[in-house]
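Notes to accompany the following structure.
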């Protein structure tokens, strides 16, 4: 390898070209996996502060505390405009602002990333996300009480946050051929849950010093990791003199079915990175493809449930006594990470099981079915003891996130087996945009509704989640039946 063939990021200028040329492909693949894992984990860490500080911004009303026999001095006075009777409504609107901007940004981030340097684009997204997170936290010290300020910051934050996932998946796709993704990619995809856990711990640990610190530290973290990305991320093997493994550079959703990931965002990336096909497919025609509509609406309800827990679980724990003890803000935030731990195991388990039985719709329905008693038990008995709370929260995370990590994978597999859409990358792009758009609406709607419904009591919120799970299952019954019939036919023919 000659030095003139190298196109290295600035950080490698500190190392001689000769030493770099002696590094094997495996070294750079591990480096890329590590940096991209760290990158997207920091994205998710910077998303957690709003859920952690909810209980500080909008503390429980004194009238409700009296019913529980608690002293109102145990709680903060709140932060205008999030205190008072409509405080949880305003918090729900904050979630809606972020998630709406995020879902819209996802449609464009992949296309923009195709046309500029992914290292620079990803670095920009991380810098912007860090700045937005810090600016939100500065509202604490500058005594900002304008709802418009916080909404504006969340909208901009949602847009720059949408840059992350398409970029990291594109970079990893450049370095690994389809035959080498398997379990490695499944482990790599746990970056979302690791980020959630890290963000919860960091934001909770400094909450007692003022809620602003819960935003500033994760913001500084993602900026720091963004600098590492800018300095050391190698986007393509060609930049260091290697050939791209295989001919395809897009990330295959089929190869990412193991682990808890945002697969709907993976498919959006495919919509941007697939080579354009000569024959496009119409929007309505894409909806008519077998399996598209059922999985799209299933994702709507599945993502509604998953994101409700993501944004409101620490608030719920803080305002629900466990073994008669009201947990502190810090303890509630840290305890909520158990749900993400269960989610990691659930995603891996669902992917493994669906591979073994070759029936993804059946697997998804099974997980959805078990999530119903898991949520009921968590609501009824999670407050009995800390042990019961941890076990039931873990099981809830496991069953809720299992189908979420399989839905878009199954649709991609269905499309690949249909003669009408086979080889038509623009058909797949249209379908995946439909699925992600539908799922993102649910993700934005769940936290918003929770902000309003929670004022009537948490039983109403859990009822909403159970109804959502029921409808998610309902949309997959026909596909699951087809899988069972197909297996029975194969067995009888053998």
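Using N, Cα and C of the backbone, Cβ positions are placed for all residues, glycine too.
Taken from TrEMBL, the feature domain 'Major facilitator superfamily (MFS) profile' applies to 25-484.
Nonlocal intrachain contacts for the transmembrane segment (25-43), taken as residues 6+ away from its ends with a CB within less than 8 angstroms of a stretch CB, comprise 122, 125-126, 129, 161, 164-165, 168, 171-172, 175-176, 184, 188, 191-192, 194-195, 198, 218, 221-222, 225-226, 228-229, 232-234, 237, 240, 242. The transmembrane segment feature in TrEMBL is assigned to 25-43 (among others).
Under the heading transmembrane segment, TrEMBL lists 96-113 (among others).
Taken from TrEMBL, the feature transmembrane segment covers 120-142 (among others). If one looks beyond the transmembrane segment (120-142) by at least 6 residues along the same chain, the residues whose Cβ comes under 8 Å of a Cβ in the stretch are 39, 42-43, 46, 49-50, 79, 109, 112-113, 149-150, 153-154, 156-157, 160-164, 167-168, 171, 210-216, 218-223, 225-227, 229-230, 233.
Summarising the annotation, TrEMBL assigns transmembrane segment to 148-176 (among others).
What TrEMBL lists as transmembrane segment is 188-207 (among others).
Residues or ranges marked as transmembrane segment by TrEMBL: 213-235 (among others).
Among the features that TrEMBL reports, transmembrane segment is placed at 292-313 (among others).
Note on the transmembrane segment (333-354): residues 51-52, 186, 189-190, 193, 196-197, 200-201, 203-205, 207, 257-261, 309, 313-314, 317, 327, 360, 363-364, 367, 389-390, 393-406, 409-410 of its chain, located 6 or more positions outside it, place their CB under 8 angstroms from a CB of the stretch. Residues or ranges marked as transmembrane segment by TrEMBL: 333-354 (among others).
For 361-381 (among others), the entry in TrEMBL reads transmembrane segment.
Annotated transmembrane segment per TrEMBL: 387-415 (among others), in sequence order.
TrEMBL lists 427-449 (among others) with the feature transmembrane segment.
Under the heading transmembrane segment, TrEMBL lists 461-480 (among others).
Here the transmembrane segment (461-480) has long-range neighbours at 291, 293-295, 297-298, 300-302, 304-305, 308, 312, 316, 359, 361-362, 364-365, 368-369, 371-372, 375-376, 379, 403, 410, 442, 446, 449-450, 453-454, meaning same-chain residues at least 6 beyond its ends whose C-beta is under 8 angstroms from one of its own. When each of 96-113, 148-176, 188-207, 292-313, 361-381 is scored by its Cβ pairs under 8 Å to the transmembrane segment (213-235), the top-ranked stretch turns out to be 188-207. When each of 96-113, 292-313, 361-381 is checked for Cβ pairs under 8 Å to the transmembrane segment (148-176), 96-113 comes out on top.
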